[in-house]
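I have placed the structure first, in the form of structure tokens, so that the comments after it can refer back to it.
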């Protein structure tokens with residue numbers, strides 16, 4: 001029964017991560033036309049549409065009222081960039097607080113709260129009729145993600161405490177994240193075109209509601225009294241200054257920079273340099289889902305056979321990301337550009353799948369086995385890349401060029417790969433004295449502490 005509940009909780013977490021990333025990316029093909037329609041310039045908006053506007057838009061787009069004035073000075077790209085970055089920015093600010101709260105109250109209640117906020121955000125997206133409401137919905141999603149993502153990953157690490165089950169479970173979660181990110185743009189684009197602007201968001205809201213109800217049935221937060229018998233987690237500021245955790249966090253941020261910086265810039269580059277059509281731009285990232293899943297599978301299998309080489313898998317992934325980033329500007333057609341993008345996603349899968357379980361192991365052997373704060377640090381690493389991407393990447397392309405952007409990202413990953421040598425001896429670490437002393441000095445307060453104390457004595 002416990003194993004069955006553990007698997008169902010894994011399903012709940014995977015669905016939550018899938019929804020978060022689908023909502024993050026589903027607006028990619030929608031937002032430009034969405035905002036244009038709000039300004040009165042999209043589709044068949046009637047007399048409010050300016051001269052020369054596109055009169056061939058779908059009928060659903062004409063339902064959007066022109067509630068936002070025309071952009072002064074052509075700053076629409078800046079507004080779209082800020083809209084995309086607002087989610088990661090708020091998530092970045094809230095994560096230190098969410099990690100601490102998760103360590104104190106447990107994993108289930110913050111996960112349920114995060115799903116509730118994400119549901120509210122998705123419904124707000126569906127009925128948004130002006131830029132301010134879109135911005136509020138996007139920021140609200142960041143608040144929900146700060147709790148749902150961190151609590152979900154920490155819950156997996158807690159329930160799957162043994163290897164290689166932990167790596168397999170985290171790998172499954174990463175595959176759901178990848179699928180959500182890469183399948184959302186065509187999902188949103190098709191439903192927006194043929195069913196209306198609200199349908200993609202309402203579908204996601206329904207799935208989010210069902211996921212929250214399933215979590216409530218499996219692990220009611222009010223029944224999580226066993227949390228009081230668990231040790232207090234290490235404060236997040238102490239985890240941040242741990243050199244091993246800092247190295248892992250730096251690798252997670254660096255490896256995601258190419259993906260975060262290319263997403264808002266590659267579409268314009270493809271149109272200008274190779275005359276790519278709309279469907280080619282929309283399907284640019286979809287083929288990369290398969291090498292990402294392959295990378296997760298390969299890393300899990302290798303980690304099972306050779307667990308002492310986790311650092312090497314991460315370093316190899318960063319080298320592949322660096323080489324692939326440098327190849328992007330050399331591509332001349334749609335078929336060619338898919339190859340380096342697949343390489344980037346394959347490399348990210350290697351890094352994430354190798355280093356996320358390493359974070360949990362580092363907490364086990366150097367701190368207290370409570371995982372909210374350490375995975376809040378991992379989420380902060382991701383948010384740093386995705387908060388900077390929509391705002392900084394366009395400015396770099398404008399001032400230095402698309403090729404220089406990719407060469408810089410590639411060089412950063414290649415130079416960081418040797419830093420992971422610092423993690424070479426992590427697998428040989430023994431449990432720290434700090435946790436043993438905590439358990440022995442205070443005495444066992446419950447079944448969890450008794451088992452932990454016996455393990456440490458052994």
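Cβ from N, Cα, C; glycine included.
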*Pick from 74-98, 199-223: which range does TrEMBL record as transmembrane segment?*
199-223
*asked:* For the annotation transmembrane segment in TrEMBL, which listed range does it cover: 130-150, 403-423?
replied: 403-423
*Which residues of the same chain, at least 6 past either end of the transmembrane segment (312-331), have a Cβ under 8 Å from a Cβ in it?*
251, 254-255, 258, 262, 266, 274, 295, 299, 302-303, 337, 339-344, 346-351, 353-355, 358, 402-403, 406-407, 409-414, 416-418, 420-421, 423
*Long-range neighbours of the transmembrane segment (337-362), counting only residues six or more past its ends (CB under 8 A)*: 153, 157, 163, 166-167, 170-171, 174, 178, 242, 244-245, 248, 251-252, 255-256, 258-259, 262, 266, 270, 274, 284-285, 287-296, 298-300, 303, 310-311, 313-314, 316-321, 323-325, 327-328, 331, 371, 374-375, 377-378, 413, 423, 426-427, 429
*Is it true that the transmembrane segment (169-187) and the transmembrane segment (282-300) have 3 or more Cβ pairs under 8 Å, skipping pairs fewer than 6 apart in sequence?*
yes
